[in-house]
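Notes follow once the structure below has been shown.
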Amino acid sequence: MQQRRRPPIASRETLQALLSEGAQALGVALSDAQRGALLDYVALLAKWNAVYNLTAIRDPRQMLIQHILDSLSIVPHLGAHGAAAAALDVGSGGGLPGVVLAIALPGWRVTLNDIVHKKSAFQNQAKAELKLGNLSVVTGRVETLRPGADVPAKFDVIVSRAFADLADFVTLARHLVAPGGSIWAMKGVRPDEEIGRLPDGARVKQMIRLTVPSLDAERHLIEVELDEAI
């Protein structure tokens, strides 16, 4: 029986072209150094995926599209918080979208959070190898994190990509939102049922339909504002 051939692994030059075109389509300006760091991050994900169980995606080209470009798609919208905001990425896993935010927004201070120590170990490795001085890692349940103790302070932006139901996310993380800050959830299809379960004092400020280059799938970004943070 003839074995099915695996598709060839994309070269770094091919990935760089895909990244450059994708970032331009998203309106995200990246320097050569930032593009290099994002490609190095893809290489780290591909290298250590089997050890750390980071993603079901094995192909670097698909990693670039489904992880890097997907994460870059939120940068223009989060940028409204200014050039020096503090962000918390909840349920970060392999560092998404937090590592991408730390690279694309070098003036931001980004904290990655996960409950799995193995994932945190990879996050720390990525921080060291990519030399991201604006990135920090904290392990533990988000609802137990205390500003001024487990994390330096409250956050302008709290974001998640694949963490939990929207209502649960808001309930667990709302104590960490700084005045004027908000919670952002990256979702696939429009999450109307999840929005209907939002807790008291929380409401959708905006729902943005995202278009991710080379990705044929629905993507939405939901911003939730809180009474206590207004």
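Each Cβ is built from the backbone N, Cα and C atoms, and glycine gets one as well.
Note that this is a predicted model, so its numbers are computed, not measured.
Copied over from Swiss-Prot:
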- GLY91, LEU96, VAL142, GLU143, ARG161: S-adenosyl-L-methionine binding site (BINDING)
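Mapped onto this structure are the features recorded in Swiss-Prot.
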residue	record	Cβ contacts under 8 Å, 6 or more apart
GLY91	S-adenosyl-L-methionine binding site	ASN113, ASP114, VAL142, SER160, ARG161, ALA162, PHE163, ALA164
LEU96	S-adenosyl-L-methionine binding site	HIS67, ASP70, SER71, ASP89, ARG161
GLU143	S-adenosyl-L-methionine binding site	LEU172, ALA173, HIS175
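In this record, S-adenosyl-L-methionine is bound by GLY91, LEU96, VAL142, GLU143, ARG161; the longest C-alpha to C-alpha distance in that set is 19 Å.
The Cβ neighbour count for ARG161 (S-adenosyl-L-methionine binding site), using a 10 Å radius and every protein chain shown, is 21.
For VAL142 (S-adenosyl-L-methionine binding site), the count of additional Cβ atoms within 10 Å of its Cβ stands at 23 [all protein chains shown].
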